[in-house]
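Student: Take a look at what Swiss-Prot says about it:
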type: BINDING; residues: H66, D99, E162; note: Zn(2+) 1 binding site
type: ACT_SITE; residues: D68; note: active site
type: BINDING; residues: D99, E134, H348; note: Zn(2+) 2 binding site
type: ACT_SITE; residues: E133; note: active site, proton acceptor
Amino acid sequence: MSPTLQLACDLISRASVTPEDAGCQALMTERLRAIGFHIESLRFDDVDNFWAVRGASGPILCFAGHTDVVPEGDPAKWQSPPYEPTITDGLLYGRGAADMKGSLAAMVTACEAFVAEHPNHTGRIAFLITSDEEGIAANGTVKVVEWLEARGEKVTWCLVGEPSSTQSVGDVIKNGRRGSLGCKLTVKGKQGHVAYPHLAKNPIHLVAPALADLAAEQWDEGNDFFPATSFQVSNFNAGTGATNVIPGEAAIVFNFRFSTESTADELKQRTEAILAKHGLDYDIHWHLSGEPFLTPAGALVDAAVTAIRAECGAEPELSTSGGTSDGRFIAPTGAQVLELGPVNATIHQINECVNVADLDKLSATYQRILKELLA
């Protein structure tokens with residue numbers, strides 16, 4: 001069993017359901033301390049984080065990731081217990097195998113191999129690890145970034161170990177992500193009897209034309225790196241459960257996934273202008289989960305592409321598709337950010353798994369990126 005596979009198994013065996021760490025970070029920091037990293041453990045509320053650095057000065061290449069996992073669901077539906085790492089037909093099964101304990105193991109073993117070859121490397125290597133990525137993400141990476149900024153430390157390049165690949169490891173690199181802007185809209189009407197609509201105001205009827213306009217709106221056209229901004233309603237709640245009562249209010253939850261062609265403020269203003277056009281009486285609450293970011297061609301992209309060609313035999317696609325990641329907290333500091341990890345086909349699913357051979361490929365790829373930037 002390779003060092004990367006062994007460490008991945010050790011991490012999977014710890015049931016670190018968000019925001020629990022369950023001892024995963026202790027495993028990692030023990031290994032990193034042994035090769036000269038200075039470790040700073042950072043606990044914010046119920047969340048464990050750590051920042052580890054090797055090297056005294058110069059640009060920082062940071063490995064970022066999370067030890068927490070999503071709940072396993074019904075264990076009886078798994079082909080093997082979700083926290084007992086099991087290898088079957090070349091696949092490693094277990095919760096977190098792909099998202100993202102396999103990546104964490106590859107990061108650590110890549111650094112061990114790199115430091116053994118280059119004990120006096122240039123620049124600095126860092127780890128920013130949290131147990132609060134799969135949950136509300138309020139006391140994890142975002143807090144560590146604030147802590148780093150307060151003491152004037154800036155990450156130059158950042159590799160986030162999210163499972164970016166689709167068919168084979170290294171076939172896709174995420175070099176950006178769309179922004180995410182959520183909203184809860186409560187439209188007020190007047191409750192009444194369905195037989196006497198003239199004595200009531202039906203908020204469903206009132207808001208329906210506005211929602212149709214919002215859904216039909218062309219928010220932007222996207223660009224070479226991002227698709228057009230999308231608007232999606234995820235929840236619509238109204239009514240008392242009775243069939244003869246017009247509801248007094250309707251609550252709608254919707255989300256924008258937006259490109260760099262739009263800003264959160266612009267989307268808010270345009271949304272509220274459409275609502276105003278329809279004369280609605282409403283309350284509105286916005287939540288910005290993250291701004292869009294893009295890492296263009298440069299040192300980090302070049303290093304990653306070179307490494308993937310050499311270690312995976314793939315020609316990677318640069319993509320900004322998919323959901324958000326903790327890269328959204330790191331990119332605004334000015335860092336170049338990429339997401340590079342294993343195949344994402346089974347993440348958050350029953351029988352989550354990762355190809356065993358891909359773990360060593362990923363470790364070798366991370367090691368090659370270290371060589372390209374810091375050797």
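Every residue gets a Cβ built from N, Cα and C, even glycine.
Can you walk me through where each of these features ends up in the structure?
Tutor: When other Cβ atoms within 10 Å of the Cβ of E162 (Zn(2+) 1 binding site) are tallied across all protein chains shown, the result is 29.
DSSP classifies D68 (active site) as coil under the three-state reduction.
Under the three-state DSSP scheme, D99 (Zn(2+) 1 binding site) falls in the helix class. Using a 10 Å radius centred on the Cβ of D99 (Zn(2+) 1 binding site) and all shown protein chains, the other Cβ atoms total 27.
Within the same chain, the residues at least 6 positions away from E133 (active site, proton acceptor) whose Cβ sits under 8 Å from its Cβ are T18, G65, H66, D68, G140, T141, S325, D326, listed in sequence order.
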Student: Looking at the binding-site residues H66, H348, which sits with the largest number of other Cβ atoms within 10 Å of its Cβ?
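Tutor: Answer by Cβ density within 10 Å: H66.
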Student: Among the recorded positions listed here, D68, E134, which has the most company in the form of other Cβ atoms within 10 Å of its Cβ?
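Tutor: Counting Cβ neighbours within 10 Å, the top one is D68.
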